[in-house]
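These come from TrEMBL:
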- 1-10: compositional bias 'Basic residues' (COMPBIAS)
- 1-93: region 'Disordered' (REGION)
- 38-56: compositional bias 'Polar residues' (COMPBIAS)
- 60-72: compositional bias 'Basic residues' (COMPBIAS)
- 324-415: domain 'PDZ' (DOMAIN)
- 422-567: domain 'Protease Do-like PDZ' (DOMAIN)
Amino acid sequence: MGRKRGRKPKTAAPTAAQSTVDHATTAADDEDEDDVFSVTNVEIMNNPATPGSNHVSSDHHRRRGRPKKRSKHNPDKPEKPPPLLVNGEVGPEDPVEESVARVVPAMDAVVKVFCVHTEPNFSLPWQRKRQYSSSSSGFVIGGRRVLTNAHSVEHHTQVKLKKRGSDTKYLASVLAIGTECDIALLTVNDDEFWEGVSLVEFGNLPSLQDAVTVVGYPIGGDTISVTSGVVSRIEILSYVHGSTELLGLQIDAAINSGNSGGPAFNDRGKCVGIAFQSLKHEDVENIGYVIPTPVIIHFIQDYEKNGAYTGFPFLGIEWQKMENPDLRMVMGMKPNQKGVRIRRIDPTSPESGVLKPSDIILSFDGVDIANDGTVPFRHGERIGFSYLVSQKYSGDNAAIRVLRNFETLNFDIKLSTHRRLIPPHVKGRPPSYYIIAGFVFAAVSVPYLRSEYGKDYEYEAPVKLLDKLLHSMPKSPDEQLVVISQVLVADINIGYEDIVNTQVLAFNGKPVNNLKSLTNMVENCDDEFLKFDLEHEQIVVLQTRNAKAATVDILTTHCIPSAMSDDLRS
């Protein structure tokens, strides 16, 4: 019998037995997840703020059969799948299914980072702490490179990477660490690692309410994990690891331990940031932070341009808002002029030779600054003018227009990285120390304060040290805050045992600029006595000959290999 013309008859609905076979096959595939990865293996953790985002695998949708064709007699009908019915009514489209389907091609670029850390001991600087291991996330970009967070590989001893679906860990080397922006660049020498690896493409800075999908390897399981949410805020954020303020994204997708370094994708599968920190507080939930693409691109281009990470430039000034009309009138500002007043200038910065206190900064690189220190960002948005500075590179020039004594002046300044009297980090270097007669001298840094007073050092440390941390500026490029960290008790230092974390101001009448200068003065001293002037009008006096002889015995007693760190020998 010949075939009849017209539409083919509809196929019968699958029987219960066929359905059982399909589900059994899926379950068997899930049990073999160590060898085969598919969309059904991806763990979707839906954001509570995005209701109705139930996960349905794309394989399950494909088993429903062919989609219906458009009717030729209805050309105005839009080309889209039938709406989702919820309780008989048309419900919202499933955003999770769409975003997962688009992100899947880039998921193979997400890797798990294993790191062994050996942190220095700032309280006992001649030794290191016990090593520990951590795991985090990363992703592959062009040029045989991998991006992750700086804190994921800080003080690393060994770094390994594992690809999705692989049982092999590959040794990696660290190319650059950007502590301020919390980004690190890795590579793997083994060619096998790069076989079949897909690359992540970067997208533009997202807008508010844009959907984002965070992919990584957080705690709670060994396989890859996906959380979804939206961009809820774009502003200058405080980067906890680097103690700096740069552009950042706030999202409502969950970011947990292990997510650090993982990419955040938009609904087109492009990377719009790197997950790096979250806000943990009893009054908030689901607040995560992402390093946006402008910061990432700045880090990568800085490395490619200079062969190393040089950092983000900062203006070495402290400024005051000019929102009060009486203040603006006294400073000579016209009604149509806006800007911020310079309070103090870092004497070690290039700006100190051009700008002066009480100057009013009117614009930066041609962009007018408002009285609250903000500049136009995007439509309906404003952002702190430090964003304009952070877009530059160290060594770049910038045009600044200021108001000084009722006169408008234009300057061209060279930007550089900002240095603080108490640095927020030591960039992986071991701490410096010097020991004489049991007195342990050290240079103060934020890691040192954290080691001495714990994570709440901002409340526990002495007020004088905190005041210098927050407000003091270095008078010279190599100035350090030198303290007597502790006194290793011996007969020669009787009566001085209680001196702890006290600043050293001078030695034998000469001011102490940094730890190296103090070391050189003591080592080359031919005077009969060593006299240290400390804060609070306190002094320490030791006989030179006895002090140097006692040092050898004290080092032997406490199993200290050397009286000074290696960086002080040169």
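Just so you know, glycine gets a Cβ as well, placed from its N, Cα and C.
Across the domain 'Protease Do-like PDZ' (422-567), the DSSP tally of helix, strand and coil residues reads 52 helix, 35 strand, 59 coil. Taken through DSSP, the domain 'PDZ' (324-415) splits into 15 helix, 35 strand, 42 coil. For the domain 'Protease Do-like PDZ' (422-567), the mean pLDDT of the prediction comes to 94.
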